[in-house]
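Below is one structure; the comments refer to it alone.
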């Protein structure tokens, strides 16, 4: 993005500390995201669908630290004139990287939504690498289409005598900035909020069902007047009210000693016999199924929390800049007021590229193990018992 209000020449005592801090930020962004990329390359266990999207986010943030900030430091602090060619390259690259980072967050949130809300179908799908790469490439194409053509077309709008500031030609067109703010911020935030709400709603429903008593079995119905019977499968999640001490008989079904309980409930209204047959297999498997469901709920809650943190960081880092750009677009070029708050809002966008790798990938136990593997550390952290939950 471009800091369109310009910067006065600062004294050397201020330039050196600022240059050091800006360079430190660029270095931290580069190293943090490079670790994520290298961990993904070094550990094959990380190469599943969701981590590919985190890789896409790390790539865009990595080049923010390699290209966007290093080129901007001499321009803003030492009044280095880019020239039209470098200025155009920097504008397109910076807008592309920042927007691709935003759209990668949307793609990550959609993948999280699918893995929690449609867990069975999500795990049953075997998404090929080509489809995953196509989704990653689509993020970059959409990110370029948001600002790239407009930057190229608006270059002729700029005042040819004003070559000191490297900014797109539409910075004074409020309606264009409103559209780009909608595509870069409001729409992505709305989508991530929607996916987050759906995830929490799905987890709440699953948590409510898991607290209900569950009895699986078969219902066999027979008519008193005929010898025919019908057997149907049923999974009943609630107890039947009003049933008192039904007659029961225990019999063996197989040489292995599997037993089943046959409960005959005679109804006096329709003259039918309803039998609930609960097999020992269901009784033996229910603790395992309950434990698996509990693990899935814990995993879903962790994913929901990580997505909420990712959304909060994105909103905090991007909302001030979008608001400032729309407000400042109402001023004519060269008459826009200079504010330290605008500069802070401007740098917050790039700061988001620093915190993104620490919000999920570098806190993920598998990424940490891959990081130790990169450093060739023989003593790796002991795997946690909840590794299956965090993965």
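Count begins at 1; order follows the chain as displayed.
Including glycine, each Cβ sits where the backbone N, Cα and C put it.
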Same-side flag (membrane), residue 125 vs residue 197, source Swiss-Prot: yes
Residue numbers, six or more beyond the limits of the transmembrane segment (20-40), whose CB comes under 8 Å of its CB atoms: 46-47, 51, 54-55, 58-59, 61-62, 64-66, 69-70, 72-73, 77, 347, 350-351, 353-354, 356-358, 361-362, 367, 370-371, 373-374
Residue 166 (disulfide bond) - helix vs strand vs coil (DSSP): coil
Neighbour tally for residue 166 (disulfide bond), based on other Cβ positions within 10 Å of its Cβ: 25
Paired segments the transmembrane segment (307-327) and the transmembrane segment (88-108) in contact, 3+ CB pairs under 8 A: yes
For the topological domain 'Extracellular' (74-87), the number of residues DSSP places in helix, strand and coil: 8 helix, 0 strand, 6 coil
Surrounding CB atoms that lie within 10 Å of the CB of residue 87 (disulfide bond), all protein chains: 21
Per-state residue totals over the topological domain 'Cytoplasmic' (109-131) - DSSP helix, strand, coil: 18 helix, 0 strand, 5 coil
